[in-house]
Amino acid sequence: MSLIPEIDAFLGCPTPDAWIEAALADQETLLIDHKNCEFKAASTALSLIAKYNTHLDLINMMSRLAREELVHHEQVLRLMKRRGVPLRPVSAGRYASGLRRLVRAHEPVKLVDTLVVGAFIEARSCERFAALVPHLDEELGRFYHGLLKSEARHYQGYLKLAHNYGDEADIARCVELVRAAEMELIQSPDQELRFHSGIPQALAA
């Protein structure tokens, strides 16, 4: 059974058509930033293991997640090599930092907020893969379709951990707050195309 309807309901909005248009027009930047996102996702998981080193269920999930994200990183690198896409610096977008500004500074809510933000990032990744797949060539479309299941599983894992460590009413408030901020980041003009960017300014007018 597809998890996309669940993810669509969790997110506040779908990816705008203008972003899809921009991504299809600049697939090199999209692939490089996708590679970077996979590496950052693995790094985030390892950082959580280091920081919350007495939380066994978190350690187990993040260890698996980090391994999966590094495999995805390697897969994107191989795909880029086959397509002749050269490695070049691509700066981080505003998306993840914009969401992490909402994370409260004190525990235990800092962990819960971090996990909710992680759930939104994974959910948006899944939604964007699904949005792109129908428009891509066979090789890239097949690859992105293959990532849907793991991204959906990561979204579920982050959210499950948040519920393990947090108060239900507080989590509901946090989800609503992050959902509103995430929707604004996705729907508003953005200076650059990134995997999680808003609408590139050239197309936002």
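Sequential numbering from 1, following the chain as shown.
Cβ atoms here come from the backbone N, Cα and C positions, even for glycine.
Residues or ranges marked as Fe cation 1 binding site in Swiss-Prot: Glu38, Glu69, His72. Annotation comment: Swiss-Prot describes Glu69, Glu122, Glu151, His154 as Fe cation 2 binding site.
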Checklist entry - Including all protein chains shown, what's the count of other C-beta atoms within 10 A of the C-beta of His72 (Fe cation 1 binding site)? => result 22
Checklist entry - What same-chain residues, at least 6 away in sequence, bring their CB to under 8 Å of the CB of Glu38 (Fe cation 1 binding site)? => result Glu69, Leu70, His72, His73, Val76
Item to check | Beyond the site residues Glu38, Glu69, His72: chain residues whose C-beta lies within 8 Å of the centroid, for Fe cation 1 | outcome: Cys37, Phe39, Ala41, Ala42, Glu68, Leu70, Val71, His73, Gln75, Val76
Checklist outcome for this item: Apart from the site residues Glu69, Glu122, Glu151, His154, the 8 Å Cβ neighbourhood of the Fe cation 2 centroid comprises Ala41, Leu65, Glu68, Ile121, Ser125, Cys126, Ser150, Arg153, Tyr155
Next on the checklist: In the three-state scheme derived from DSSP, which category covers His154 (Fe cation 2 binding site)?
Outcome noted: helix
Next on the checklist: Among Glu122, Glu151, the binding-site residues in question, whose Cβ has the most other Cβ atoms within 10 Å in this structure?
Outcome noted: Glu151
